[in-house]
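Beneath this line is the structure, given in structure tokens, with notes to follow.
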Amino acid sequence: MTNIRKTHPLMKIINNAFVDLPTPSNISSWWNFGSLLGLCLITQILTGLFLAMHYTPDTTTAFSSVTHICRDVNYGWVIRYLHANGASMFFICLYAHVGRGLYYGSYVFQETWNIGVILLFTVMATAFVGYVLPWGQMSFWGATVITNLMSAIPYIGTTLVEWVWGGFSVDKATLTRFFAFHFILPFIILALAMVHLLFLHETGSNNPLGIPSDMDKIPFHPYYTIKDILGALLLISALLTLTLFAPDLLGDPDNYTPANPLSTPAHIKPEWYFLFAYAILRSIPNKLGGVMALLLSILVLMLIPMLHTSKQRSMMFRPFSQFLFWVLVADLLTLTWIGGQPVEHPYMTLGQLASTLYFLLILVLMPLTSLIENKLLKW
């Protein structure tokens, strides 16, 4: 008798994706982040659902409803901080996942990669609208500053901004629609993640060597399920430690002050995971130029498959490319630090240098280095 998991229409799909999936035998822990992102998404949807049961998307009561969740709802503070810090964990896993793809040449699977970039954009949009919901000072001013960037679009900019706001400033209508977006987007992310997996399973996973592994595959279960469970336990431990010992470590104290349109905070800055893009935005003195650079900082990822000039897929045996990759990581960390600093002399210049280096590395230096490495292979 054939096993039900191989014949049942629904079970068959799950079986082919998570049980009998042929997987390369040599994939490292860097391949854990895909499943960790799935775990993060489920955690965020569940905690978010419980928060939505008590939250009111109205300018007069939003802030106090969040306070009510923390003070009066049973374990509401745990749910709220799991959700807030879960977002940080989500982005740590996202950036590690993208970094893994860059290092090992996973971007050669173009459909999977491009859907991944769209997913990154969608998660960033979700995090942004979600940050507005507590209606603190940084929520309000962050929403004002970022939505205002659309006014840089020639001719239709101002109309577009007012259309997004639902009025002439960030107000009741803006908060209500942002709550609606924040509720619907995670389900769109869930659907996109399934398409991401669908395309990945068409080709099979890449591996650290960047070579075909069809002759050496092992079933996903039990080998990688157990490995993923270890990763999941580490992620949950980190999230719980952060939530229970330092829940406000990554947040902004300004968001504990209710939104006040008449008082601008001294330093408007987004959450830590957007600081690198914020630094790139600020490094260009022109408004439209800044917006273009901001978009390109993520969109440039879509160009990477076309900029792959190496004869080898992975960076494992390409020391010069490895060096540039780690320079890129250091550059992004520098941009993250600068994004959180005030707009003053040394930081502005450093930000401009780091932003230039970011685009230079991806668009020029890395493809050129790959060509040089190709030549060195012949020597």
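Backbone N, Cα and C atoms are what each Cβ position is placed from, and that goes for glycine too.
Annotated transmembrane segment per Swiss-Prot: 33-53 (among others), in sequence order, evidence recorded as similarity to another entry.
Within the same chain, residues 30, 33-34, 36-37, 40-41, 43-44, 47-48, 50-51, 66, 69-71, 116, 120, 123, 127, 130, 235, 238-239, 242-244, 247, 250-251, 271-273, 301 sit at least 6 positions outside the transmembrane segment (77-98) and bring their C-beta atoms closer than 8 Å to a C-beta of that stretch. Taken from Swiss-Prot, the feature transmembrane segment covers 77-98 (among others).
Summarising the annotation, Swiss-Prot assigns heme b b562 binding site to H83, H182 and lists similarity to another entry as the type of evidence. Non-local contacts of H83 (heme b b562 binding site) by the CB criterion (under 8 A, 6+ apart in sequence, same chain) comprise Q44, T47, G48, L51.
Look at Swiss-Prot and you will find H97, H196 tagged as heme b b566 binding site, backed by similarity to another entry. Packing around H97 (heme b b566 binding site) is summarised by its Cβ count: 21 other Cβ atoms lie within 10 angstroms of its Cβ, all protein chains included.
Per Swiss-Prot, the feature transmembrane segment maps to 113-133 (among others); the stated evidence is similarity to another entry.
As annotated by Swiss-Prot, transmembrane segment applies to 178-198 (among others), with the evidence given as similarity to another entry.
The Cβ neighbour count for H201 (ubiquinone binding site), using a 10 Å radius and every protein chain shown, is 14. Annotation source Swiss-Prot lists ubiquinone binding site at H201, citing similarity to another entry.
The annotation transmembrane segment is assigned in Swiss-Prot to 226-246 (among others).
Beyond the ends of the transmembrane segment (288-308), by six or more residues, the same chain brings 98, 102, 105, 107-108, 110, 113-114, 117, 120-121, 124, 149-150, 152-154, 276-277, 280-282, 355, 358-359, 362-363, 366-367, 370 to within a C-beta distance below 8 angstroms of the stretch. As annotated by Swiss-Prot, transmembrane segment applies to 288-308 (among others).
Residues or ranges marked as transmembrane segment by Swiss-Prot: 320-340 (among others).
According to Swiss-Prot, the transmembrane segment annotation covers 347-367 (among others), on the basis of similarity to another entry.
Against the transmembrane segment (33-53), the recorded stretches 113-133, 178-198, 347-367 differ in Cβ pairs under 8 Å, and the greatest number is found for 178-198. Each of 178-198, 226-246, 320-340, 347-367 was scored by its Cβ pairs under 8 Å to the transmembrane segment (113-133), and the highest score goes to 178-198.
Counting only the Cα atoms, the space from H196 (heme b b566 binding site) to H182 (heme b b562 binding site) is about 21 angstrom.
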